[in-house]
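The domain 'PSI' annotation in TrEMBL covers 1-50. According to TrEMBL, the domain 'Integrin beta subunit VWA' annotation covers 8-439. Residues or ranges marked as disulfide bond in TrEMBL: CYS181-CYS187, CYS409-CYS666, CYS452-CYS464, CYS477-CYS491, CYS508-CYS543, CYS513-CYS528, CYS551-CYS582, CYS556-CYS565, CYS588-CYS593, CYS608-CYS611, CYS615-CYS624, CYS640-CYS674 (among others). Taken from TrEMBL, the feature domain 'Integrin beta subunit tail' applies to 615-703. Sequence annotations record features per position, and here TrEMBL assigns transmembrane segment to 704-726. Taken from TrEMBL, the feature domain 'Integrin beta subunit cytoplasmic' covers 727-754.
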Amino acid sequence: CIKANAKSCGECIQAGPNCGWCKKTDFLQEGEPTSARCDDLAALKSKGCPAEDIENPRGSTQVLEDREVTNRKIGAAEKLKPEAITQIQPQKLVLKLRVGEPQTISLKFKRAEDYPIDLYYLMDLSYSMKDDLENVKSLGTALMLEMEKITSDFRIGFGSFVEKTVMPYISTTPAKLRNPCTGDQNCTSPFSYKNVLSLTSEGNKFNELVGKQHISGNLDSPEGGFDAIMQVAVCGEQIGWRNVTRLLVFSTDAGFHFAGDGKLGGIVLPNDGKCHLENNMYTMSHYYDYPSIAHLVQKLSENNIQTIFAVTEEFQAVYKELKNLIPKSAVGTLSSNSSNVIQLIIDAYNSLSSEVILENSKLPKGVTISYKSFCKNGVNDTQEDGRKCSNISIGDEVRFEINVTANECPKKGQNETIKIKPLGFTEEVEINLQFVCECQCQSTGEPNSPACHDGNGTFECGACRCNEGRIGRLCECSTDEVNSEDMDAYCRRENSTEICSNNGECICGQCVCKKRENTNEVYSGKYCECDNFNCDRSNGLICGGNGICKCRVCECFPNFTGSACDCSLDTLPCMASNGQICNGRGTCECGTCNCTDPKFQGPTCEMCQTCLGVCAEHKDCVQCRAFDKGEKKETCSQECMHFNMTRVESRDKLPQPGQPDPLSHCKEKDVDDCWFYFTYSVNSNGEANVHVVETPECPSGPDIIPIVAGVVAGIVLIGLALLLIWKLLMIIHDRREFAKFEKEKMNAKWDTVS
C-alpha cells in the first residue's frame with residue numbers, strides 16, 4: 001500500500017484489497033507525505049487512526065433476477081413456451097468490484113425435460129452422395145417418430161450444398177452448367193447452398209420436398225460446405241430458428257474448403273459472416289471467400305448451434321480434428337448410403353446434451369474470471385475443466401462457482417456488462433459490473449477549498465487533491481516554483497547545508513521525506529531529521545522490543561527504562577528466597593541485584609563464601625536464651641533479642657519443611673558437649689523465629705566393670721595364644737632334631753659294616 005504512493009483515497013483503494021485511507025485531518029506527522037495516509041488496515045490503526053476514519057469500501061454481489069429452474073415432465077399437460085423454460089439460475093446480477101478483491105457467484109444448471117428441439121439437416125448433394133439422397137427422402141417422418149421419445153416439440157428443416165459456381169470448382173461450360181453429370185445422368189445445375197425447407201413440425205412436408213431434390217456435381221473433391229454452414233448459422237429468420245436447442249446435421253462424404261481456398265477462383269474478399277439468401281439461394285459464393293474455422297466457431301457459438309458431423313469412415317480423422325476446434329460439436333460415422341443416419345443423430349444428440357460447457361462474452365480490460373465446477377458424483381474441477389460438467393442426464397442439477405476479479409479500474413470508470421451462457425443453449429446470465437474506484441468521502445469533497453491554499457485544490461477525505469499545476473500537501477506551490485533555490489533554504493536546518501537532512505525532497509519549501517524499502521521504517525520531522533529505526537538496540541531489537549522509537553529516541557513501555565528500554569523496573573527477579581529484595585543486602589537495578597554488602601554475591605545476594613552458616617551464626621544466642629549458658633551468657637539481653645524463640649518438647653515438634661517461610665534445621669554442641677536442636681526461619685515481614693528443643697542430648701559416662709573385665713579377658717586370651725604358639729614351635733623344632741638324629745644313626749651302621 002505504501003509503495004503505491006497514492007495521492008488520493010481513490011488511488012489508495014486501487015492499490016490492493018487490504019489498503020485503507022485515513023481521512024483524519026491531523027493524522028500525518030510533520031514531514032510525512034500525503035501518501036502515508038494509505039496503508040494496510042492494521043498499520044493505520046497502530047498509527048492511531050480511529051476505525052471510523054478509515055475508508056475501506058468493499059465489493060458486493062446483488063442478484064436482480066433469480067427464477068427457479070423449471071421442473072416439468074414429458075407429456076405433461078402444461079405446454080410452456082420455450083422462453084418460459086428456465087435451465088440456469090440466477091439470470092441477472094450486479095457485481096461491485098474493488099481492485100484485487102474477487103466476487104464469487106454461484107450458478108445452477110438443470111437440464112429440462114421435454115425441451116424443444118430444432119434440427120436442420122444440411123446435405124452434400126454432389127454426385128457421390130446419390131445413394132444417400134434416396135435414404136434421406138424418408139428421414140422426416142422416421143426421425144419425427146424417434147424424437148418424440150425425447151421431446152414433444154420437434155421441428156426439422158433441410159438444406160443442400162455443392163460448391164462455389166466458379167472455375168476451377170465446377171465446369172463453367174454452358175452444357176455442364178445445365179447438367180454437370182456425365183452420360184445419361186440427369187443432374188441439377190450446380191449451386192453453392194440452397195435452403196430447401198425451413199424448420200417445420202410437418203415430417204411429411206420434409207419427405208415431399210426432399211424427394212424432389214436431385215444430385216448435382218463439381219470438379220474437385222473438397223466441397224463448399226463451410227459456405228452453407230455460415231449461411232445456416234446467420235440466416236436465422238429464413239431458416240426459422242427458435243430460442244431452443246438448435247442442432248445442425250452436416251452430412252457429407254468429402255472434405256471441405258476453408259478460408260484462402262477461394263483464391264483459386266480469383267475470390268479474395270474475406271467472408272463477411274452475413275446472410276446473403278435470395279429466394280433461399282446463397283447468391284454471393286462467387287464474391288466472398290470461404291469462412292475460416294475460427295469465423296465459423298464464432299458464428300455457431302453466437303447463434304447457439306450445436307453441430308453434428310455425419311461423415312463417412314474415410315473422413316472421420318479430418319472431422320474429428322475439426323470437432324476439437326468447434327465447441328459443442330460431435331462426429332458420427334455415416335454408412336455409405338446414410339442408412340444409419342437416424343441412430344447417428346440420436347447418439348450425437350445424447351452425447352451433446354449430456355455435457356454443459358460455460359462460456360463468457362469478451363471481458364473488459366483488467367477483469368479476469370475463473371470457474372469451479374461441482375458435477376455429478378462429487379466430481380469437482382477448476383481452471384478450464386471448471387467450465388464444464390459431463391454425463392448429465394435429464395433432470396440432473398449441477399453447480400458452478402465463478403470468481404470475477406478486477407485487476408484495474410477502467411479509465412472512464414463506466415459500468416460494463418458480461419454474459420455467461422452454456423454452449424448450445426439460448427439462456428444466459430447477465431452480469432453488470434460496477435467498479436469501486438472512488439471512496440465515499442470523495443463525493444463530499446469541497447472543490448476550491450480554502451483549506452487547500454486559497455482554493456488551489458479540492459479538500460476530500462482529510463487531504464487536498466491539488467488542481468492541475470499545483471503541488472504540495474496543501475497545494476501551496478506551483479509546479480514552476482519547485483526547483484527554485486529560494487525554496488530550498490526553507491528545507492535546511494540551521495547551520496546545515498543538507499537539504500531535508502538528505503532524507504527527503506524539498507517541495508514548495510517543505511520537506512517531503514523519502515520512503516524506505518522496509519515500509520515499517522519511516523523518516524519524519526520538519527527537516528526529515530527524525531526516524532523510527534535508528535534508536536539504541538538491545539538483543540538485536542530496536543529499543544529492546546520494550547518501547548517505540550520516536551525521532552531516534554526510545555519511548556519505553558511501562559516498567560522499562562534506559563536508552564534502549566533494556567532496564568526492567570520489575571523487582572520479581574531480585575526477590576530472594578526469604579521474600580526480601582536482594583536478601584536485604586543490595587538494591588534491585590534493571591531487574592538485577594547490585595549487592596551492597598561485599599561479602600554477599602549471587603543473583604539475589606544470598607551467596608556468602610566467607611560467612612558462617614545460619615546454624616553456626618545463631619548458635620550462641622540460642623544457647624544463652626534457651627539454656628542460659630555459653631559465650632554470650634553475660635551479653636545475651638543485648639545481642640540476642642533479634643528473634644522470637646519458642647521451646648518445644650522434642651525434635652518431632654519442631655517445624656518441618658513445606659511451610660511458606662524459608663526454614664533451616666540446626667544441630668549444635670553446647671559448652672558441656674551436649675547436642676541441642678533448633679530451627680531458624682524468617683517470615684514475610686522480616687521477623688526471625690527460633691524453635692528449640694528444651695532438653696539437650698548429653699552423652700552418659702563410661703561403665704568401668706565391663707571395661708576392666710574386657711581388658712583382663714583380653715590379656716588372658718593373648719597369653720594363652722602366645723603359649724600355644726610357643727608350644728607349636730617347640731614341637732616342630734623337636735621333630736626336626738629327631739629326624740636329624742635318626743639319619744646320623746643310619747649313617748653310623750653303614751660305616752661299621754665296611
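For all residues, glycine too, the Cβ spot is worked out from N, Cα and C.
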Can you grab the distance from CYS624 (disulfide bond) over to CYS528 (disulfide bond)? Cα atoms, rounded to a whole Å. 76
CYS543 (disulfide bond) versus CYS556 (disulfide bond) - Cα distance in angstrom: 8
Just counting, how many other CB atoms are there within 10 A of the CB of CYS528 (disulfide bond)? 26
What is the total of other Cβ atoms whose distance to the Cβ of CYS409 (disulfide bond) is within 10 Å? 19
Least Cβ-packed of the disulfide-bonded residues CYS513, CYS588, CYS674 (other Cβ atoms within 10 Å) is CYS674
Taking all residues of the domain 'Integrin beta subunit cytoplasmic' (727-754) together, what is their mean pLDDT? 80
Name the one residue among CYS409, CYS565, CYS593, CYS615 whose Cα is closest in three-dimensional space to that of CYS187 (disulfide bond); these are the disulfide-bonded residues. CYS409
Based on Cβ atoms within 10 Å, give me the single least packed residue among the disulfide-bonded residues CYS181, CYS508, CYS565. CYS181
Within 10 Å of CYS491 (disulfide bond) by C-alpha distance: pick out those among the disulfide-bonded residues CYS409, CYS513, CYS551, CYS588, CYS593, and say none if nothing qualifies. none
What does the structure give for the C-alpha distance between CYS508 (disulfide bond) and CYS477 (disulfide bond)? Integer Å is fine. 5
Closest of CYS513, CYS528, CYS565, CYS640, CYS666 to CYS615 (disulfide bond), Cα positions, disulfide-bonded residues only: CYS666
Can you tell which of CYS491, CYS608 has the least company, meaning the fewest other C-beta atoms within 10 angstroms of its C-beta, among these disulfide-bonded residues? CYS608
Could you give me the DSSP helix, strand and coil counts for the domain 'Integrin beta subunit tail' (615-703)? 20 helix, 28 strand, 41 coil
Tell me, if you would, which residue among CYS452, CYS543, CYS551, CYS593, CYS640 (disulfide-bonded residues) has the fewest other CB atoms within 10 Å in the structure shown? CYS551
Running the disulfide-bonded residues CYS477, CYS513, CYS551 through a 10 angstrom C-alpha radius around CYS543 (disulfide bond) leaves none
Fewest C-beta neighbours within 10 angstroms among the disulfide-bonded residues CYS187, CYS477, CYS556, CYS615 belongs to CYS615
